Structures are given as structure tokens and as C-alpha cells.
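Enquirer: One structure is given below, represented as C-alpha cells, and several questions about it will come after.
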Amino acid sequence: MKERGKGAGRSVDERYTQWKSLVPVLYDWLANHNLVWPSLSCRWGPQLEQATYKNRQRLYLSEQTDGSVPNTLVIANVEVVKPRVAAAEHISQFNEEARSPFVKKFKTIIHPGEVNRIRELPQNSKIVATHTDSPDVLIWDVETQPNRHAVLGASTSRPDLILTGHKDNAEFALAMSPTEPFVLSGGKDRYVVLWSIQDHISTLAADPGSAKSPGSAGTNNKQSSKAAGGNDKTGDSPSIEPRGVYLGHGDTVEDVTFCPSSAQEFCSVGDDSCLILWDARTGSSPAIKVEKAHHADLHCVDWNPHDVNLILTGSADNTVRMFDRRNLTSGGVGSPVHTFEGHNAAVLCVQWSPDKSSVFGSSAEDGILNIWDHEKIGRKIETVGSKVPNSPPGLFFRHAGHRDKVVDFHWNSSDPWTIVSVSDDGESTGGGGTLQVVSLSHLSHLCKPSVLPLNACRRFHSYFTVRT
């Protein structure tokens with residue numbers, strides 16, 4: 001991936017001050033957590049408890065340290081407060097330099113190398129995969145892993161499984177299939193690599209002397225001694241080789257995702273500006289290759305879980321594009337259904353909402369997390385307050401609570417319209433960056449007029465639009 005620069009735009013302090021004054025109006029609930037170390041990835045884990053006033057849920061985070069202490073994979077517990085009991089005075093009086101009382105560290109795994117990407121297994125969200133600065137993908141059972149104290153010189157935790165097959169570092173492109181325990185990865189070697197965790201479980205079942213957990217030693221699988229720099233403890237972990245290796249990109253593969261209905265179909269994007277669809281049942285060559293899907297490197301991709309024909313891509317050209325896989329190209333060049341132009345810096349993450357099939361989010365180096373509804377394109381959009389010529393079609397909410405690039409975000413499938421996001425704004429906060437959890441339950445009434453006070457919307461008209 002090319003060097004990612006600082007977000008552009010008007011005064012960040014001015015934008016943030018305006019946003020902060022309207023937090024009680026714009027959100028049903030918000031938690032702001034100043035991180036000790038920068039985090040490059042955040043993912044929701046399983047819901048632990050449902051209560052009258054709040055729910056408790058696992059959250060997975062990375063910690064990218066300066067070397068004074070080891071890099072870690074953090075398992076935290078988050079209390080998600082329900083909107084009807086979320087106090088406006090609480091969410092409006094948070095301290096940017098403080099840790100949120102709603103986010104509490106539960107366990108620390110000492111990770112071999114930086115954690116660049118985290119993905120949870122849909123069939124069992126206690127199993128996660130991580131990408132680091134090595135060719136291997138590491139699999140962790142976060143519940144059985146021991147809690148470690150991250151001090152200088154401490155040995156790394158031992159992965160439960162190592163997925164080998166890349167010839168060069170694989171840092172960002174990582175996905176897990178919703179239908180089967182399949183893992184997908186992409187890397188600097190231009191490969192897209194596919195594994196099945198079931199291959200490891202089958203090996204264990206064939207060896208009665210082996211324990212049945214994913215991280216047990218004593219399997220017959222080839223051991224990996226190269227993972228994360230050849231750490232001896234990591235090298236003792238069992239490993240499996242891929243089911244398939246797919247070559248079609250001309251540069252680094254930056255992101256991958258599975259078709260929601262098939263573990264055999266997936267797509268990838270990369271620094272060659274290509275979007276490629278693959279079908280493992282038909283061989284290792286691209287099923288469809290979209291040349292020039294964007295005008296620059298592609299950083300992210302997501303496949304609509306509600307409509308398998310729709311695919312989102314985000315790019316260094318500052319745009320998000322939506323493709324229909326039934327009509328991906330015109331003369332070999334990308335032919336998107338729509339191009340969303342609401343960022344003024346490279347788009348780093350896109351994800352469809354689990355709550356409404358036409359809604360998705362996008363985050364970028366400009367420090368903005370945008371929420372879109374593609375069904376609103378072409379309809380009359382009324383903006384509360386004065387007319388805003390720069391309000392792009394389909395955009396109906398801007399989360400402007402971060403002060404530098406929003407490197408990752410994740411919709412919560414257990415608490416509707418709730419999002420966690422992390423940003424690299426440590427210089428502004430006096431910490432290691434910011435984690436925020438926001439609840440946007442009022443957005444579920446997408447076809448109804450906004451209930452926000454008119455004067456508040458006028459003050460925030462450049463970030464918030466009202467649907468009619």
C-alpha cells in the first residue's frame with residue numbers, strides 16, 4: 001500500500017468543535033475512548049449479556065506500539081448503552097484525553113509483530129484471524145488464549161494455527177466466509193490465497209493423540225518457523241497450507257471479501273486499480289477482471305450481504321464506487337452503478353450495514369465516517385437550513401468526531417445502528433488515537449423527517465442531511 005497521508009480539508013479544530021457542540025443532538029449514545037497506542041483495526045466480537053439498560057459485548061483491537069512494549073491484540077468488554085437511557089449530559093461532556101468507563105480491557109495477547117487487520121469467524125466469533133508484517137495469517141482462539149502482561153522482553157503468545165502460502169508479506173487483505181470456515185488473504189506477492197480451517201480440524205480428528213482445539217500441538221501438519229519473524233514460540237504452532245492460490249493482480253492486493261452466499265466465490269482489489277472476481281470451482285484464473293475500477297489504488301472492498309449483486313470499492317481517488325456484478329465493465333473498464341463523492345482524501349474502509357440493505361459506511365483519511373443510502377440517489381433531498389451545494393447524492397449522515405484518518409470501523413450486528421471506529425489522531429488527543437462507539441438508532445427511520453431540532457440541524461447542515 002502506498003504511503004497514507006494526512007487528511008485534508010478545512011480546519012480540523014473548527015470542524016471538531018462544531019461537531020462536539022452537537023453530539024447530544026446527533027447521537028442516541030456515544031462513547032469516546034482515548035487509546036494508549038494507535039489501533040489499525042477494530043472488530044465486534046460476541047455479545048456477552050443483554051440487560052434492560054445496556055448490553056455487554058466483546059471488542060477486538062490492535063495496539064501498534066513504539067517498541068518500548070510488545071505489540072498486542074486486545075480483547076475488551078464494551079457496555080453499549082441503550083438510547084432511551086443514554087443521558088445527553090454524559091455524551092456531551094466527554095473528555096478527549098480520558099479513557100471511557102464503557103470500554104474495559106479484558107485480555108491481552110502479545111502479538112508477533114504489528115496487528116494490521118483483525119477478522120472474526122462468523123461461525124464462531126471467538127476465533128479471529130490477524131494479519132501482521134509477515135507472509136502468514138495467524139488464527140487465535142481468544143477465549144482460551146492466556147492473558148499476558150505486555151512488558152519489554154516478554155515472549156509472544158502462541159497462535160492456535162498458522163496459515164501459510166504467501167511468498168511475501170500479507171498485511172491488510174483479510175476476510176472470513178459467512179457460510180463456511182474459510183479464510184481469504186492477499187499480499188505484496190500479488191496472490192489471493194484461500195484456506196479452510198476445517199482442514200486443520202480434519203487433521204486433528206485423524207490423529208487420536210492430538211487435542212481437539214484449534215491451537216493444540218501434536219498435529220501432523222507442517223510446522224511454520226517463519227511466522228512473524230521466526231519467533232520460536234510461534235514456530236511451535238500447527239500450520240496448514242492453502243486450498244488455492246490465485247494470481248491475477250499486477251500489484252499488491254489490498255483487500256478481499258467473500259460472496260455472502262458462497263465460500264467458493266470472492267473478490268479482491270489492489271494497487272493495480274483492478275477489481276477481480278474469482279470462482280474457486282472454475283480454477284485459479286479470474287472469473288471477471290475489471291480494469292481501472294477506479295482512477296487510483298483500491299484500498300477496500302465489501303460485498304452486500306443482502307443483495308449479492310452489489311459490491312462496494314473504496315480508493316485513493318477519494319471515491320466509493322458501487323458495482324453490479326451482472327454489469328461490471330464496459331470495454332474492460334469499470335462501469336459502476338454509482339460513484340459516491342463525499343470524501344476529500346483516500347477512502348480506507350467501506351462496509352455495508354447489517355440493518356438496511358441499501359445503507360453503507362465509508363471512512364477516509366479526511367477523518368470523516370460517512371453513512372450513505374444508495375436508494376436515495378435521484379430522489380429529492382431536503383437539507384435542513386441553507387442549501388448545501390457540496391452535499392453529494394446518497395449521503396445522509398457524517399460522523400465528524402475524529403480528528404485524523406479513520407483507519408477502520410465496524411457495524412455492530414447485535415446492537416442495531418451502532419458503529420465502532422478508530423482513528424490515528426494521537427497528535428490531537430495526546431494519546432495513541434481515538435476509539436468511538438456511536439449509536440444512530442434514529443437513522444432506522446430513514447423515510448421519515450428528522451426529529452432533530454431545526455436550529456441544531458442548521459448549525460450542523462454541512463454534516464447532516466434530512467430525507468423526505
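Every residue number used here counts from 1 along the chain in the order it is shown.
For all residues, glycine too, the Cβ spot is worked out from N, Cα and C.
According to TrEMBL, the feature domain 'Histone-binding protein RBBP4-like N-terminal' maps to 14-81. According to TrEMBL, the region 'Disordered' annotation covers 206-246. Per TrEMBL, compositional bias 'Polar residues' is recorded for 216-226. Sequence annotations record features per position, and here TrEMBL assigns repeat 'WD' to 246-288, 291-324, 340-373.
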Enquirer: Sort the residues of the repeat 'WD' (291-324) into helix, strand and coil with DSSP and give the three counts.
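Expert: Within the repeat 'WD' (291-324) the tally stands at 0 helix, 18 strand, 16 coil.
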Enquirer: Report the mean pLDDT of the predicted model across the domain 'Histone-binding protein RBBP4-like N-terminal' (14-81), rounded to a whole number.
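Expert: Average per-residue pLDDT within the domain 'Histone-binding protein RBBP4-like N-terminal' (14-81): 94.
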Enquirer: What does DSSP give as the helix, strand and coil breakdown of the repeat 'WD' (340-373)?
Expert: 0 helix, 18 strand, 16 coil
